[in-house]
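Report on the following structure.
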Amino acid sequence: MTTDPKKHQPNPDAAAPHAGGAAPQQAAGQAAAQPGDGTARAGEGTATENHKATGTSQGKAKEKKTYPWWVEMPIILVATMLILGMFNIFVGRLYLIPSESMEPTLHGCEGCTNDRIFVNKLAYLGGKEPKPGDVVVFVGEDSWNTTYVSQRSDNGLIRGLQNAGSMIGIIAPDENALVKRVIATGGQTVQCRPGDPGVMVDGKKVDDSYTMSPLVNPVDPTTGSDACQGEYFGPITVPDDHLWLMGDNRTNSLDSRGHVGDEHQGTIPVENVVGKVSARVLPIDRIGGVAHLDIQQ
């Protein structure tokens with residue numbers, strides 16, 4: 001018996017068989033005759049899915065946890081302290097000018113409104129080193145620390161709080177941090193001898209237009225001169241990776257000149273430099289940048 005293959009080919013328009021036993025032809029006829037119903041059902045299915053998705057999103061939103069303020073506030077405070085601590089350690093921090101040794105560039109004295117400066121700790125990254133004329137904050141060597149007295153408490157708890165305050169920049173670090181201007185660097189010879197017109201580096205007078213004038217304290221002509229703005233010294237060849245530093249208020253500054261008898265002849269290792277003084281940030285009437293001059297031009 002020959003079977004007609006056309007009778008067994010599936011009808012592309014036919015719907016899938018239903019469990020209710022409806023004839024395939026009838027289902028196909030309904031699908032063909034009522035395309036609108038099919039479209040509506042498809043649309044209804046999409047709407048239902050969207051409704052379910054919206055419901056799920058709303059459910060997730062409702063599931064989001066909130067915390068009372070007494071839980072959130074400590075978290076915010078700790079995060080803020082960590083950020084400030086990282087900034088102070090790696091980027092820069094504020095320092096208070098305690099004395100008159102850097103007048104008129106930086107103002108400081110007992111009982112007055114002292115300058116507060118921002119020190120940039122990133123200035124000498126990547127192999128860069130301080131240059132003559134830079135104003136820097138550095139940690140003094142042992143011979144510079146004979147008069148330094150720690151401000152930390154003997155009480156362990158209070159000392160811990162002080163150290164935490166130092167980390168975030170509200171309390172000064174427990175170190176003999178000093179601020180001076182770089183006069184000479186490694187390999188250069190610095191001096192001021194009788195007959196010299198001023199401080200000399202490698203036989204040339206350095207610019208001193210930024211220094212305090214007139215001199216605050218008189219100079220003994222038997223041991224120094226007004227041109228030297230203090231006592232005679234040198235010649236001293238600065239060791240490699242060291243700096244010769246002086247205050248701008250030359251007759252009222254205990255700087256490299258006062259430590260020529262120590263192991264480094266008054267010079268400071270470059271590694272002791274904390275950073276470069278970028279600006280005065282307080283008081284308001286003295287806000288501004290700090291000049292870093294090319295004093296050896």
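Just so it is clear, glycine is given a Cβ too, placed from its N, Cα and C backbone atoms.
All TrEMBL annotations are machine predictions without curation.
Listed in TrEMBL:
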{"type": "REGION", "residues": "1-63", "note": "region 'Disordered'"}
{"type": "COMPBIAS", "residues": "12-36", "note": "compositional bias 'Low complexity'"}
{"type": "DOMAIN", "residues": "75-281", "note": "domain 'Peptidase S26'"}
{"type": "TRANSMEM", "residues": "75-96", "note": "transmembrane segment"}
{"type": "ACT_SITE", "residues": "SER101", "note": "active site"}
{"type": "ACT_SITE", "residues": "LYS180", "note": "active site"}
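Less than 8 angstroms from the CB of LYS180 (active site) sit SER101, MET102, VAL135, VAL136, PHE138, LEU245, MET246, GLY247, SER253, ASP255, SER256, each of them six or more residues away in the same chain.
The number of other Cβ atoms within 10 Å of the Cβ belonging to SER101 (active site), over all protein chains shown, comes to 21.
LYS180 (active site) falls within a strand when secondary structure is assigned with DSSP.
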